[in-house]
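If you check TrEMBL, you get these features:
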- 116-136: transmembrane segment (TRANSMEM)
- 148-165: transmembrane segment (TRANSMEM)
- 177-198: transmembrane segment (TRANSMEM)
- 236-255: transmembrane segment (TRANSMEM)
- 267-286: transmembrane segment (TRANSMEM)
- 298-317: transmembrane segment (TRANSMEM)
- 329-349: transmembrane segment (TRANSMEM)
- 361-381: transmembrane segment (TRANSMEM)
- 387-407: transmembrane segment (TRANSMEM)
Amino acid sequence: MYFFTLLCLICIETNLDFDNVQIPFDAEGQIYEIDSLMAQQISFFEDYSKIRRAFLFLEPDSSYVIEIYTQKDKVFLRKRIGVSEETVLEIQKEIAALQTQKKTKVVYDRSGYGRFLRNSFLFAYGVQAPLTAIAFTADDYDFRSSTAVYMLSSAASFFIPLMLTKKCDVSKAHADLYLWGGIHGLYIAGALSSIVDIKFYERGGALITVSGSVIGEYIGFQSVNKFSLSLGRGSMIYIISDFTGLSAAGILGLIDNWQDPLFNYKHYLGASLIGFGGGIATGALLTKNIDLADGDPAIFANCGIVGALSLPIILTWFDGPGDNISEKIYISAGLTGLGLGSYVGHRIVKNKNFTENAGDNIVLGGLAGALTGAGCVFLMKSDDSKVYYTAALAGDIIGALVTARLINPGDSEKHSRLRFYPETMISLALSSVCDTPTRGPLVSFSF
């Protein structure tokens, strides 16, 4: 209502001054009025409070008049002020400076800034800072010195990134890939130092490991800008590389002769590093043309892990007390399950776009289901370990599926369907009593 009254007052007052000609404030002829926000940035209006609008007029005698409308106690007031040509030119210069500043102002993506600083600090506080204290503490252990180094390096992990990222994009992808890079850089440096017989928990090895972690953080952060990585694609590439690194070590174990080992731990570390490097390239290629949402990597990783555990757990039911099934068969089952689980995960995330919250909630639902299954078996007082593993695995799968159905994630035309068949359960119970065969699904899931 106030603005409508102001506009009416402006129109009436302007129409009464037939000889006045309204002219623009700027040299380009674009700004015919100055609002309250712009008035706060121009020195001429510093002495005027509660300005609503200001207009510039050229009088018949070629003099200039600025018409200012203010508001006081819900009443609009008009004031006409004669100004010199020099004042008008000064206002033009200030407006031009504001326009230039507005055009050149860069807006950074800071959506992951808090997350980035939190990841940096917590990772250093829990992992990097203790290794730094080992690296820079004298051989004769000094509690005061090592504690001081630990505290200072933990603090530096917050303040240094804070200052270095003051004028750049820090999205959620930057935050998480920074952490992913730090973790993998830590492993790579630690593995390489172990291969050359340098223990990562001693002074030289600790320094190498921390340095590798910092380099990994830098590479992870910069890869977002260099390769235009989203949070979903970047995290997926790292997960695929982890799976391939683990698979490479497992394949080497299948080749090895366990009675007379051909390889030692150095070979396994080297195989995992080669697999990791190949996984980075493979992951980048596989995810190039897939639209991956922020929560898709969590679903993919959970499917791969569940698949890797499923087949070995199933094998335990066919293994007798004499260890009839060899370790290599278990490794083969784990690798096969990892591949199958990854394929299922790929199918799921390809048809759906999971938000980050949805992906995390489904994984947590699976964990809660696993605890439920293991807890129920614990109440049954069973001493068979494979019963615990099976119940936890089944609970994880059911918990994840139920959670996915309840939150209904994704924006695809396809929907997940989880269905139980109570009639089959009843038939199964009756068949055990009447000794009659029965068949039918207990539960089905489609995606």
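Keep in mind that glycine also has a Cβ here, set from the backbone N, Cα and C atoms.
Looking at which of 116-136, 298-317, 329-349, 361-381, 387-407 has the most CB pairs under 8 Å to the transmembrane segment (236-255), the answer is the stretch 329-349. With a cut-off of 8 Å on Cβ pairs spaced 6 or more residues apart, the transmembrane segment (116-136) and the transmembrane segment (267-286) reach fewer than 3 such pairs and are scored as not touching. With a cut-off of 8 Å between Cβ atoms, the residues of this chain six or more beyond the transmembrane segment (329-349) that come close are 240, 243, 246-247, 250-251, 253-254, 290, 292-293, 296, 299-312, 314-315, 447. Remote same-chain residues near the transmembrane segment (267-286) are listed as 184, 188, 191-192, 194-195, 227, 236-249, 251-253 (criterion: CB distance under 8 Å, separation of at least six residues from the stretch ends). Only residues 6 or more beyond the boundaries of the transmembrane segment (387-407), in the same chain, are considered here, and those with a CB under 8 A from a CB of the stretch are 302, 306, 309-310, 313, 316-317, 358, 361-374, 376-378, 416-418, 443, 445.
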